[in-house]
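As C-alpha cells, the structure follows; a few thoughts come after it.
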Amino acid sequence: MKFNIIIVFISLAILVHSSYAANDNDDDPTTTVHPTTTEQPDDKFECPSRFGYFADPKDPHKFYICSNWEAVHKDCPGNTRWNEDEETCT
C-alpha cells in the first residue's frame with residue numbers, strides 16, 4: 001500500500017514537471033494581448049506619473065488611467081466630460 005502511494009506521488013510529480021517543461025520553450029514566440037477600450041492615437045499618451053487619472057488633451061469626453069506607467073484610454077459615459085479637479089466624468 002505504501003509503495004502504491006509513493007508510485008502515485010512520483011507519477012504525479014513527473015506529470016506536473018513535464019507539463020511545465022512543455023510550456024517553457026524559449027524557441028516559441030509568445031504574444032501578449034492587452035485589452036483596450038479604444039485605439040491609441042498616433043502620438044501615444046505618456047503617463048505623467050506612475051498612477052493616476054488624466055484628461056485626454058485632445059478630447060474632453062475622454063481620459064486616461066495610468067497604472068504602473070501604462071496608459072488605458074477611456075470614454076466618459078453619455079455626454080459627460082472629464083473633470084480634472086474631481087478626477088471623474090461629470
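The backbone N, Cα and C atoms fix where each Cβ goes, and this holds for glycine too.
Looking at CYS47, CYS89, the record from Swiss-Prot puts CYS66 in a disulfide bond with CYS47. The residues of the domain 'Chitin-binding type-2' (44-90), classed with DSSP into helix (H, G, I), strand (E, B) and coil, number 0 helix, 21 strand, 26 coil.
The Cβ of CYS76 (disulfide bond) lies under 8 Å from the Cβ of HIS61, LYS62, PHE63, TRP82, CYS89, each on the same chain and at least six residues away in sequence.
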